[in-house]
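K.L.:
Below is a structure I'd like to ask you about.
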Amino acid sequence: CMVIFTRMVTKDLHKPISILFCNLAFSDLFTSFSGFWISVLFITNPDITIFGSQDMLAPYALYTTSILSTIYNLVSIGIERYLAVAESMRTRFRVARSHSIAVVLINWVLAFLLGCLPLMGWNCLHMEKNLSVLYSPFCVNYLIFVTIPNVVAAFIIPLFTYLGIIIILRKRKLRMKACGQTTGTYKSAEIQVARTSIFIWLLALISYAPFFAGVIFDATNTQCQIDLYPGVYIFRNCTAMLITINCLGNPIIYTLKSKTLGTKLKALKCHSTGRACTI
């Protein structure tokens, strides 16, 4: 909430990347609230979160939507950072605010379309075959359809974008060094991007890999809910906690490390007197 409020009231933070950062914070907030809704249902009536019911469709659909939105935002930020570095020496293409707004809208439309498919009929409420054990009344084929391509996108695309940024910065540093110019700025930027990309990968791996493993287990499992209780459901709850931790880690990695935003969070001023942070 602090990130969203600060970026909205600060005019000099209304840049294309800041729009993506703000939307990422909103997605994380949405994930936390939908996860809280599921937690309340688990506390008040644990059986419906194990055996599934009509009441679980909407919370799970919103939870899926928010997670997909977070993944798409992470991918969009990686692509925007790559374009910002790759095209910084050119004038033919620049990432504008309109581009970021369009990306945000596309991300949410795609996330709602895929996340709300169970509400549109793709569920196993009245079917005993193909029923998910961990996330009833979702169908196993729906979980596989949503999980596998999005997990691949979340891991592969940021890998290429951040490696591409590091390679571009290293090439420019070597060019400047060959011309006898100082390379301190490029070396600092390269180190910063490398550290950030490592944090991104570790956080994504820790947060989403257990959930992905749970879906694979769900697809290959032949036992019923009672036989798996309580161990598998404890694991399921732990995966939800890790996803919530990811929602806490994203603002720290992407926004709170920004010196400009950090200053704004302290002062909450509408105008900045400091220099703008560059990559």
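Placement of Cβ uses the backbone N, Cα and C atoms for every residue, glycine included.
Where the annotation comes from TrEMBL, it is an automatic prediction and has not been curated.
Here TrEMBL flags 1-254 as domain 'G-protein coupled receptors family 1 profile'. As annotated by TrEMBL, transmembrane segment applies to 20-40, 60-79, 100-122, 142-169, 198-217, 233-256.
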K.L.:
For the transmembrane segment (233-256), give me same-chain residues lying six or more residues beyond its boundaries with a C-beta closer than 8 angstroms to one of its C-beta atoms, as numbers and ranges.
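P.N.:
Same-chain contacts beyond the ends: 3, 7, 21, 24-25, 28-29, 31-32, 35, 38, 42, 49-50, 67, 70, 74, 77, 134-135, 196, 199-200, 203-204, 206-208, 210-211, 214, 262, 265.
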K.L.:
Grab the same-chain neighbours of the transmembrane segment (60-79) for me: Cβ-Cβ under 8 Å, and only residues 6 or more beyond its ends, written as numbers and ranges.
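P.N.:
17, 20-21, 23-24, 27-28, 30-31, 34-35, 37-38, 103-104, 107-108, 110-112, 114-116, 118-119, 135, 138, 146, 150, 153-154, 157-158, 161-162, 200, 204, 243, 246-247, 250, 254.
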